[in-house]
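Taken verbatim from Swiss-Prot:
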ACT_SITE  Asp137  active site, proton acceptor
BINDING   Ile17, Gly18, Arg19, Gly20, Arg21, Phe22, Gly23, Thr24, Ile25, Lys40  ATP binding site
DOMAIN    11-269  domain 'Protein kinase'
Amino acid sequence: MTREFELENNYQLCDEIGRGRFGTITRCFSPATKEFYACKTIDKRVLIDALDRECIETEPRIMAMLPPHPNIIRIFDLYETEDSLAIVMELVDPPMTIYDRLISAGGRLSESESASYAKQILSALAHCHRCDVVHRDVKPDNVLVDLVSGGVKLCDFGSAVWLGGETAEGVVGTPYYVAPEVVMGRKYDEKVDIWSAGVVIYTMLAGEPPFNGETAEDIFESILRGNLRFPPKKFGSVSSEAKDLLRKMICRDVSRRFSAEDALRHSWMMNVGNLQSN
């Protein structure tokens, strides 16, 4: 619901908990609900072009189309003026992304923790894809982690698109996580998210993405070569089931690449609760 900028009338703004390309994220409190939320405030004056404006308008529009899901961040309120846009969202406290978690864990996660997060990410993507929504920027920075509950939430739908039974096009996303069909400029569907999620899972297990380079062009070339490897130094203690799922998600042949539902039915995902920490 978009309204005139009455944010301060309904929420008490507290401390800054994050900063993005277009603005800040602040913890805020609602006297009406007695709960804390996250408020993303965007300064429209820093928007450079139509693409920037489309990006900030896309997130609330797409998320309004999605029924609530436990692994997708929720939007509760929207306030707008000529110069500002404020989005009041569900708060994960303390705020931590999978990227932050990787750093705090020393660079990589145990197989059991990785599998737990992977299952929740795939559940969120399956929900999006059933609604014909493609996220297009699945990466560690866009998955929030609640260390107390072990829950994760997919966030930042600024690059998302509703397919409406069609395909999408355009190079969107973050180089390390972009699917090869996107790099090649082809039309694509929701399976680009599966490739990206596979790269996120690989990164959690190995501490680095499978395709690297010093520049975006170098990374894209590595992606197009598509040589998925599991170095023993990084994957020596990782189960064969985990590596099998990664091969089926980080698969250049889109027709053979798993869907989110396929991945959730894989044996590695079915046995999440039985995996031991390593």
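Glycine residues also receive a Cβ, built from the backbone N, Cα and C atoms like all the rest.
Pairwise Cα distances among Ile17, Gly18, Arg19, Gly20, Arg21, Phe22, Gly23, Thr24, Ile25, Lys40, which the record gives as the binders of ATP, peak at 15 Å.
In the three-state DSSP scheme, Ile17 (ATP binding site) falls into the strand class.
Summarising the environment of Ile25 (ATP binding site), the number of other Cβ atoms within 10 Å of its Cβ, over all protein chains shown, is 18. Neighbour density for Asp137 (active site, proton acceptor): within 10 A of its CB lie 20 other CB atoms from the protein chains shown. DSSP classifies Asp137 (active site, proton acceptor) as coil under the three-state reduction. Put simply, the residue listed as 'active site, proton acceptor' is 19 Å from Ile25 (ATP binding site) when counted between their Cα atoms. In the three-state DSSP scheme, Ile25 (ATP binding site) falls into the strand class.
You'll find the Cα of Asp137 (active site, proton acceptor) roughly 15 Å from the Cα of Arg21 (ATP binding site). Within 10 Å of the Cβ of Arg19 (ATP binding site) there are 10 other Cβ atoms, across all protein chains. The Cβ of Gly23 (ATP binding site) has 20 other Cβ atoms within 10 Å, all protein chains considered.
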